[in-house]
Amino acid sequence: MARTKQTARKSTGGKAPRKQLATKAARKSAPATGGVKKPHRYRPGTVTLREIRRYQKSTELLIRKLPFQRLVREIAQDFKTDLRFQSSAVMALQEASEAYLVGLFEDTNLCAIHAKRVTIMPKDIQLARRIRGERA
């Protein structure tokens with residue numbers, strides 16, 4: 001076959017690497033050589049929602065037993081010294097306290113949602129207690 005002369009044509013954006021790609025490749029290779037890999041972080045709110053679902057499923061007590069027991073003894077000290085408690089009495093107090101707090105936080109969350117917010121504030125707790133009739 002006979003050789004023919006090539007005519008010049010415009011390039012249609014061939015395969016030449018662009019500068020942006022070169023810098024991206026350099027950025028990717030830099031941490032592999034000497035940098036420290038960042039730890040994985042979940043987006044804000046993801047872990048919170050996971051914890052909410054986990055604690056709503058569970059039935060175990062959320063406050064540690066010994067700190068709660070110390071608090072009960074400290075409060076009881078104001079009324080009478082040298083009081084003794086059965087372990088079942090402390091457990092009953094803890095069950096009742098946690099049930100009360102969970103209910104209060106549910107009502108507090110409803111107050112915050114009513115105010116078109118997702119963050120609970122002290123004024124929400126005050127409103128919830130006032131509606132319940134616990135505080136004038």
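Glycine residues also receive a Cβ, built from the backbone N, Cα and C atoms like all the rest.
These figures come from a predicted structure and were not determined experimentally.
The N6-decanoyllysine annotation in Swiss-Prot covers Lys19.
Taken from Swiss-Prot, the feature S-palmitoyl cysteine covers Cys111, and the record attributes it to similarity to another entry. In the three-state DSSP scheme, Cys111 (S-palmitoyl cysteine) falls into the helix class.
What Swiss-Prot lists as N6,N6-dimethyllysine is Lys10 (among others), and the listing cites similarity to another entry.
The N6-(2-hydroxyisobutyryl)lysine annotation in Swiss-Prot covers Lys15 (among others).
Marked as N6-(beta-hydroxybutyryl)lysine by Swiss-Prot on the basis of similarity to another entry: Lys15 (among others).
What Swiss-Prot lists as asymmetric dimethylarginine is Arg18 (among others).
Swiss-Prot lists Lys19 (among others) with the feature N6-(2-hydroxyisobutyryl)lysine, giving similarity to another entry as the kind of evidence.
Per Swiss-Prot, N6-(beta-hydroxybutyryl)lysine is recorded for Lys24 (among others), and the stated evidence type is similarity to another entry.
Among the features that Swiss-Prot reports, N6-glutaryllysine is placed at Lys24 (among others).
Taken from Swiss-Prot, the feature N6-(2-hydroxyisobutyryl)lysine covers Lys28 (among others), and the record attributes it to similarity to another entry.
Secondary structure at Lys37 (N6,N6,N6-trimethyllysine), as computed by DSSP, is coil. The Cβ neighbour count for Lys37 (N6,N6,N6-trimethyllysine), using a 10 Å radius and every protein chain shown, is 7. As annotated by Swiss-Prot, N6,N6,N6-trimethyllysine applies to Lys37 (among others), with the evidence given as similarity to another entry.
Marked as N6-crotonyllysine by Swiss-Prot: Lys57 (among others). The Cβ of Lys57 (N6-crotonyllysine) has no same-chain neighbour under 8 Å that is 6 or more residues away in sequence. Lys57 (N6-crotonyllysine) falls within a helix when secondary structure is assigned with DSSP.
Around Lys80 (N6-succinyllysine), there are no C-beta neighbours below 8 angstroms that are at least 6 residues distant in the chain. Here Swiss-Prot flags Lys80 (among others) as N6-succinyllysine.
All protein chains shown were included, and the count of other CB atoms within 10 Å of the CB of Lys123 (N6-methyllysine) stands at 12. Residues or ranges marked as N6-methyllysine in Swiss-Prot: Lys123 (among others).
What Swiss-Prot lists as region 'Disordered' is 1-45.
When the alpha carbons of Lys123 (N6-methyllysine) and Lys37 (N6,N6,N6-trimethyllysine) are compared, the span between them is 43 angstrom.
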